[in-house]
Amino acid sequence: MKTLLLTLVVMTIVCLDLGYSLICFISPHDSVTCAPGENVCFLKSWCDAWCGSRGKKLSFGCAATCPKVNPGIDIECCSTDNCNPHPKLRP
């Protein structure tokens, strides 16, 4: 009986993957460990008045869910470590 209980405890820990936190970029070269409950990395891009000369503005980060899409804003969401790199730094 003790062996069965120990096996169940070990299986529960393995299945729950306790302590895992997602890692996301917050700038082109810096990443952070996301807070508990933040299971998505995102990359937002949009044009401002200088888009033609400077390119799109970018925002990186962690979120609980993929941010809402608004007109003129592109959003990419993903759920693996460092999956939201700067578009020019992608492999």
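Yeah, the Cβs are placed from backbone N, Cα and C, and that goes for glycine too.
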### Query
Swiss-Prot annotation: C77 disulfide-bonded to which of C66, C83?
C66
## Note on the structure
Sequence-ordered, the disulfide-bonded residues among C34, C47, C51, C66 whose CA is within 10 A of the CA of C24 (disulfide bond) come to C34
### Message
Given the disulfide-bonded residues C41, C47, C51, C83, tell me which ones have a C-alpha lying within 10 Å of the C-alpha of C66 (disulfide bond).
### Response
C41
### Query
Tell me, which disulfide-bonded residues from C34, C47, C51, C83 are within 10 Å of C77 (disulfide bond) if we use the C-alpha atoms?
C83
### Task
Compile a sequence-ordered list of residues in the same chain as C34 (disulfide bond), six or more apart from it, whose Cβ lies below 8 A from its Cβ; state 'none' when nothing qualifies.
S21, L22, I23, C24, C41, C62
### Length of the line joining the Cα atoms of C78 (disulfide bond) and C47 (disulfide bond), in Å
22
